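Listed features, source TrEMBL:
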TRANSMEM  33-53  transmembrane segment
TRANSMEM  59-78  transmembrane segment
TRANSMEM  90-108  transmembrane segment
TRANSMEM  120-139  transmembrane segment
TRANSMEM  151-171  transmembrane segment
TRANSMEM  222-242  transmembrane segment
TRANSMEM  298-320  transmembrane segment
TRANSMEM  332-352  transmembrane segment
TRANSMEM  358-378  transmembrane segment
TRANSMEM  427-445  transmembrane segment
TRANSMEM  457-479  transmembrane segment
TRANSMEM  526-548  transmembrane segment
DOMAIN    575-659  domain 'RCK C-terminal'
DOMAIN    667-746  domain 'RCK C-terminal'
Amino acid sequence: MHHLPHLITDLGFILMIAALSTLLFKKLGQPQVLGYLIAGFLVSPHVPFLPTVTDQANIQVWSEIGVIFLLFSLGLEFSFKKLFKVGGSASFTAVFEVVFMVALGYLVGRLLGWNNIDSLFFGGILSISSTTIIVRAFQELGMKGKKFVELVFGILVVEDIVAILLLVLLTAIASSDTFSTAELAFSGLRLLFYIALWFVIGIFLIPIFLRKIRHLLEDETMLLVSIGLCFMMVMIAAGVGFSPALGAFVMGSLLAETPEGHKMEHVLQPVKNLFAAIFFVSVGMMIDPKVLIERWDLVILVTLVTIVGKFVSTFLGAILSGQGRKQSFQSGMSLAQIGEFSFIIAALGVSLKVTSDFLYPLAIAVSAVTTFTTPYLIKVADPLYRWVESKLPEGVKRNLDQYQASFNQAGENKAGALIMKTYGMKILLNTVMVVAIMGAFKAVVNAEIQKYLQESPWASGISLFVCLAISAPFFWGIVMSGPSLRAQREVEELQKLRGLQAGLFVGRLVLAVILLGALISQFATLKVASGVIVAVVGVAALAGQLWVRHLYQFIEKNFQKNLTEKERKELVSSSVAKNFLPWETTLGNYDIASECSLVGRTLRDLSFKENYGVTVAAVFRGAKRYFAPDGEFVLWPHDKLICFGSEEELQSFHTFLEGEKAAQVPEPEMTTRQDDYKLSSFVVSDDSKFKDKTIRESGIRESYHGMVVGIERGPQRILGPRASFTLRENDLVWVVSDKKQSQATV
């Protein structure tokens, strides 16, 4: 009889129990995460009448791999650009809420007699809401499309990045016996510096690498390449003193900016699901029923603190950022729970051996309770708000309304905001590159040159010269680069930035001189450095226009090209989608899952227009594009439907697809190549061949290789007219068509 290693038997046992638990919870309509937690509890030593996992140390390693894949997958769903798009209100609310909850958790912990580290980790555990639970609750309750949901999603995006920062800061605090506020601030700045550095280098190099191997990327090779890049970044992050989770998240975020990001997320899904299950099972193994029974009162107290604290902090943050009362109230009710990041923070405390035994099972118990309460809190938010609103004094309402109106009027008009928008990110990234080059030369390159030249007095001079040459384009970018392209359009409208140019130039020049002095002082004495600074500034003034400017513009152009490659291939902006159509309509992008009951049926049989009011404008099948598919068009697995209609119609269609197990992206998005289609219009003249014919009889579909999406007849607008609609003289007809094939003339 062959002897199986304990790792294999343990893993098989865990996966069997996890599979049974998740099937049961799926049947009961409960979150699968709870099934994994209970499965872990059942295979733990705390349940003696069932087989127990033998080698818990190995399972712990597998669970750490699970955390890496969870964070890598989260990064693939995340985007640095998405962080910039969520808006100041969501960003402020998220940061306010996290700081409030960390402080509240710390205060409650100290009042309960816990030590500083336990209290601080407790605050971290309470601070991050569960994206998984909230998204699932919104889907089940049909809330997508509601105004407050957009704010909640924005808050969750910012919370994810703040959670990563929390992991790093908590690790630093737990690893130091004498940790000061200055060291905490330095750790935060160090983290932001490395993230910015990895962002610049990654956006510059990774798209080029993927472009070179794009023709080789099948599912298997893409999976291996993505996992390889992930673990490379994990090793780099660990090498510079950060957590592996941070490295995984950053690499996922970088890959999310590439055209391959969506496919990588797709091929990685099964691997992530496997290791995530192992992670959550390992979390469940840490549940000690004795602790929960002994401290049941603590579980109830912490649950109440979580729900009330999250509601109050989110509500206040949203109100202070200029949101309306109802939106703020609903957002607060939606975010009143903790989830997967809380497990990771609690697990961090256990792995570092700095937290007490009761904290981990307490976090799991509170998460389980708030997971159940979340859908009910979201559901009662609206009627509860109406009741609270009816009891609110008129004076309070009036003051809140005045604050919101004043806040919104003041928002975008300040010079500081304009300067940050036009120059802030560009100056920041160039500064990061100068500091990184300086640090690399001081720590590595200079030592190697000294060794090679046998401590020659020329060694430092050579290092300084090469360092200045490499960093010169970035110095030029700090001082001389223009505003961002997006901002230039606003500058022409506002005419504000022109009056600020003199002060801006002086400020940028001072920053560059300070950085230059810091760089030169790494290789020379202060007296020599002063002379070199004057010489360098003089030479730069003469030579900068000759080669430095061109080199910087080359670097910036390629960086922008790589950064926007995905957007140039996919229209991901809802504003583009609205401009795409003639009136107030929206485009929805829907993937047909392989198990969906729509597969194998014709569009005529499905009757989307009759049942839901939406029209299928195009179907994308791999690299093929089918514009204006006819009624006999048969849907295949993984077809992408591009539908248009009103927001209400698309919401109804989305709800239908959810029930049919088809997946929709979180928001209606357009993911076609801009060159694939065009929107054109024509007027039916007196002698037009289309006059007095139905759309079906007119042959517009065949002539334009497209679809009639709208007709204007005087003041009347008909969206998505039926094929039996008769065209009359002076009708304005809007057609979406294949740009390459459309050759029709009217």
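Backbone N, Cα and C define each Cβ position, glycine as well.
In this chain, the transmembrane segment (457-479) lies out of contact with the transmembrane segment (332-352); the count of Cβ pairs under 8 Å, excluding pairs fewer than 6 apart in sequence, is fewer than 3. Within the same chain, the transmembrane segment (90-108) stays apart from the transmembrane segment (59-78): fewer than three Cβ pairs sit under 8 Å, each pair at least 6 residues apart. When each of the listed stretches 33-53, 59-78, 120-139, 151-171, 457-479 is scored by C-beta pairs under 8 angstroms to the transmembrane segment (298-320), 120-139 comes out highest. Just going by CB pairs under 8 A, the stretch in 33-53, 120-139, 151-171 that sits most against the transmembrane segment (358-378) is 120-139.
When Cβ-Cβ distances under 8 Å to the transmembrane segment (120-139) are tallied for each of 33-53, 59-78, 151-171, the top count falls to 151-171.
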